[in-house]
Amino acid sequence: MDVLDLARLQFAVTGSLHFLFVVLTLGLAPLVAIMQTRALISGDPLFERMTRFWGQIYVINYALGVFTGLVMEFQFGLSWSGLSHFAGDVFGAPLAIETLVAFFLESTFLGLWIFGWNRLPKKLHLACIWLVALTAYASAFWIMVANSFLQNPAGSVMRGDHLALTDFGALLTNPSLVMAFPHVIGAGLFTGSFVIIGGSAYHLFRRTSEQEFFRRSLRTGVLWAFIGSTLAVGFGYAQFAFIGELQPDKFKGAVPGTALGVMILIGQLIQFIVMLGMLPLLFRNLLARFRWVHPLLMIMTPLPFVAAITGWLVREVGRQPWLVYGKLSVADAMSPGLTKGMITLSFAAFVGVLGLLAVVDYVLIARTVRRGPTRLDLGAVEPAEPSPTPALAL
Amino acid sequence: MEIIWLTVFAVLLIGYFALEGFDVGVGMLLPVLSRAGERAGEPGTRQQHRDRLVAAMAPFVLANEVWLVAVAGTLFGVFPALEGTVLSGLYPLVVALLASWVLRDAGLWFRRRIDGGAWRAFWDAVLCAASWGLALSWGAALASVVRGLPAQPFDLPALLYGGVVAAAFAFHGRAFMAWKLSGPSESPRTGRRLLLSAVVAALPVAVPLAVVIPSMLDHVAPSATLNVLSLFVLPVVPIMIGAQVWVWRAFGPSGSTGAAARIPSFF
């Protein structure tokens, strides 16, 4: 592999890892916020335990979303400095807005939420998770604005050797954005609810002591899987008209063509299963009672993740060889002076470290699911003990 | 408009050092401070001392490290011509910095997720080593920027400046712990010392920044881009400041005694 291939593969691997974790973050954040809202309104301790249990899974998953996101943000400058030289005046704006108005607030409010359990007033603590969810969606929006510009460089003109921003509104109404953003939101809800369904099915199948807890979780999961899959599939098909006009050859290659087929197969199949199978079986909790179905529900958990990755493969591989469609090729965007030694070093560092941490993170999520809601770190209070006087000698 | 955005960039970068500096410092000093606690005859094992140190900084980390994400975003949006040049010019150092950052955070997020001394001690070691990596690669990166991005960034001045940054962060980390664990009577004094150590932690970046900032003015994005940034970002600045202030009010020294002491830390 030459330098260009390695640089592309590095970005593809970090990007794919990033989205595996981000798609679950996007799905779980609003669902956890809804659980906590129900806990506050009803006063039912079950909802508080649901918030803490699914919230802990959300938070463990969140860690890798951040790690991979950091590496991605800096990789633009490391490997693809040609992009900032050519299109930085346009592409940089949504990225800068994302970091300042969305992620900055998301991270700050998440810290307040994680460490504010039992410390902040209950209503303010609830407000924190809603702000986290809101800013997570704002973050997704601005990233999609930036990505849609690469797909269809709207709102800009060539001036000398680079693109200049002429109409920011055109970036926000970019045809590549308007259907793709709700598609991603749907995919997030779809993924988040399938994790809830899969985890609940495990406990229902094993007949652990938390039957009521996971029956209620399963109901929430199925309901949101229906909403999410409908959004994802509907806004998925809605993109075809635009893509046919903007990038007519998008699906011609072997990779995007196959990926598109896999994504549609998964999306369509699961949508039917959710709508015609799972949703009607919520009647009298039949789905929770039919024990033979639960292994199937568990096996289906990874499918939305596969669909999400194939979706990005379609979108990103399908625009090759362009980085900014029709204007700047990927090869021309590579940083001048990038050597094989440099890219090999960073490839080993990033892909090695992130890959290992991703495996650890999934093991931790699986352990948390298996252990159930009995002993949770998130929102825990220790029984009173003789407090050690923390007069650290400094 | 250029001046506003140059100021935003400078405030974010200096703020990152003044805030995240103590998290990195506490991470670096984890073995030293936990042993100091042990020698002073405080109850608990060395692991429990480390837990207490990490718990003290934990609520601040997410709100502090995000300043650097904002620095990178601002660099891309306001100085697009510089972003690629600087980051690819600092290539091996940025890779080291990112790897350290990710591993430091992994140490924090993972250390309490599985019970057992070996697991937690392992991630504490990662946390400490990666905090050192962060401080040293920051020092080397700043030394390289000031000297106009030399081809070979690993040399004696880089190492020395890494030492300066590490020392400043360690000083800041110690001052933070003193403030965080102080009672109501001493907290005004330790608070003043924390402010002083924040200035010390910010100096290693403020000085090089003052040197390069005049040349940065030539690379500012055109006004069409800056206007868009201002329109979307400036109205949110009060919320950003408010959220940061909230963190400090919620997790100040009074939070580490009484009922709040019984809340186990998530990190």
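Just so it is clear, glycine is given a Cβ too, placed from its N, Cα and C backbone atoms.
Some features that TrEMBL has for this protein:
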TRANSMEM  A:20-41  transmembrane segment
TRANSMEM  A:53-71  transmembrane segment
TRANSMEM  A:91-115  transmembrane segment
TRANSMEM  A:127-150  transmembrane segment
TRANSMEM  A:180-202  transmembrane segment
TRANSMEM  A:222-242  transmembrane segment
TRANSMEM  A:262-283  transmembrane segment
TRANSMEM  A:295-314  transmembrane segment
TRANSMEM  A:342-365  transmembrane segment
Among A:127-150, A:180-202, A:222-242, A:262-283, A:342-365, the stretch with the most Cβ pairs under 8 Å to the transmembrane segment (A:20-41) is A:180-202
Tertiary contacts of the transmembrane segment (A:342-365), defined by C-beta under 8 angstroms and 6+ residue spacing from its ends, are 3, 6-7, 9-10, 13-14, 17, 20-21, 57, 60-61, 63-64, 67-68, 71, 75, 78-79
Among A:127-150, A:180-202, A:222-242, A:262-283, the most Cβ pairs under 8 Å with the transmembrane segment (A:295-314) come from A:180-202
The answer for the transmembrane segment (A:222-242), taking Cβ pairs under 8 Å and residues 6+ beyond its ends, is 27, 31, 175-176, 179-180, 182-183, 185-194, 196-197, 263-264, 267-268, 270-271, 274-275, 278-279, 282, 287, 307, 311
Long-range Cβ contacts under 8 Å made by the transmembrane segment (A:262-283), restricted to residues 6 or more beyond its ends, are 190, 194, 197, 219, 222-223, 225-226, 229-230, 232-233, 236, 290, 293, 300, 303-304, 306-307, 310-311, 314
